[in-house]
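As written in Swiss-Prot, here are the features:
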REGION    1-186  region 'CPSase'
BINDING   S47, G237, G239, L266, Q269, N307, G309, F310  L-glutamine binding site
DOMAIN    189-374  domain 'Glutamine amidotransferase type-1'
ACT_SITE  C265  active site, nucleophile
ACT_SITE  H349  active site
ACT_SITE  E351  active site
Amino acid sequence: MTEPAILVLEDGTVFEGDAVGANGLSVGEVVFNTSLTGYQEVLTDPSYAYQLVTLTYPHIGNTGCTDQDDEANKVWAAGLIVRDVPRRPSNWRSQISLSDWLAARGVVAIAGIDTRKLTRILREKGAQHGALMAGEIDVDRAQDAARQFTGIKGMDLAKVVSTKQAYSWYEGQLDLDRNEWKRAAPQYKVVAYDYGVKLNILRMLAERGCDLTVVPAQTPVDEVLALCPDGVFLSNGPGDPEPCDYAVAAIKTFIMRRVPIFGICLGHQLLAQTVGAKVVKMRHGHHGANHPVQDLRSGRVMITSQNHGFAVDEATLPSNVRVTHRSLFDGTNQGIELLDVPAFSFQGHPEASPGPHDVDVLFDRFITMMAAQS
């Protein structure tokens, strides 16, 4: 027999369903993601910290879960909201069902609700503060928790999810035929700032010959320069970039030293912020694996994976910055490059996981940039 569960929004809307994870109470910003698959990668993506993730596809959990698909060493999403979870997964790689995986990792989750109705609310009203409660239900307590949540705006979550110690990374992507991780001969020394980095980003860099040192978000610039890097990578991550003054200070120095820079997601916003641009909170953000983005230089349209609730305000970019990519959903900025130094960034996720690989050429561009600089 399943336990009851509820989702309560800050506007007072209550959804009743069944618990499909751990019992308890969890609060966060309620967002929706349109990906059909990749639920495990989504939940373990540090960019989803303090977010209650609604998956719009009705059947979630069909392929179970496997340790190889984690994007971090824990679940970072605050909770999961779905329409239906199958009783039995079917996939040759599956090690455990989604429900058991959620329970084992202490994730509060709800199934059996009208996710279409919820998504319409989020589209019309914007991302909502919410509370998930499973097991012993107290609607008033859940509603109070939802309304007391202060929101992600103004929260510096990069230093919360970041690694506490520097480490090296050499592992490439998974070779499914051999069931082993690929390796490549290291050619370029790259320091990756961990603002909430996904493992597949590190794998794609390592596979292209990057000798990676991953450092905490607040690592002083002098410690990084002492490693004599050929390039610096600015990772994805959760929260608002505005409070991350420590990151802006470091990036300014790398720009002055002309160290090649590549940023993704939060790293993109931090690069833009460093050169003087403003970053604004979006109404409901971009979360999904089917977002069309146009390369303004070639005119090519690429389908991309997206996960962000803030966007760079193009009108505030200085004259020495060129806009390279733009969303075809809402026209928001998706990429920039500095004209006078070797630095560029992309708002979406070229590493996918989950999603298409249309934009993985950006990793190759970073390699080419370091080769030219050296």
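Backbone N, Cα and C atoms are what each Cβ position is placed from, and that goes for glycine too.
Look at the binding-site residues G237, G239, G309 and count other Cβ atoms within 10 Å of each Cβ; G309 has the fewest. Overall, the recorded L-glutamine-binding residues S47, G237, G239, L266, Q269, N307, G309, F310 cover a maximum inter-Cα distance of 13 Å. Each of G196, N236, P238, D240, P241, C265, H308 belongs to the same chain as S47, G237, G239, L266, Q269, N307, G309, F310, is absent from that list, and has a C-beta within 8 angstroms of the C-beta centroid marking the L-glutamine site.
Sequence-distant neighbours of S47 (L-glutamine binding site) (same chain, 6+ apart, CB under 8 A from its CB) are W76, G196, K198, N236, G237, P238, C265, L266, N307, H308.
Taking the Cβ of N307 (L-glutamine binding site) as centre and 10 Å as the limit, one finds 27 other Cβ atoms among all the protein chains shown. Counted within 10 Å of its Cβ, the other Cβ atoms near E351 (active site) come to 26, all protein chains included.
Per-residue pLDDT, averaged across the domain 'Glutamine amidotransferase type-1' (189-374), gives 98. Under the DSSP three-state reduction, E351 (active site) is assigned to coil, being neither helix nor strand. On its own chain, H349 (active site) has K198, N236, I264, C265, T304, S305, Q306, N307, G355 as residues at least 6 apart in sequence with a Cβ closer than 8 Å to its own Cβ. Using a 10 Å Cβ-Cβ cutoff, L266 (L-glutamine binding site) registers 32 neighbours. For F310 (L-glutamine binding site), the same-chain residues lying six or more positions away in sequence with a CB closer than 8 A to its CB are D240, P241, Q269, V279, V280, K281, M282, G285. A Cα-Cα distance of 20 Å separates G239 (L-glutamine binding site) from E351 (active site).
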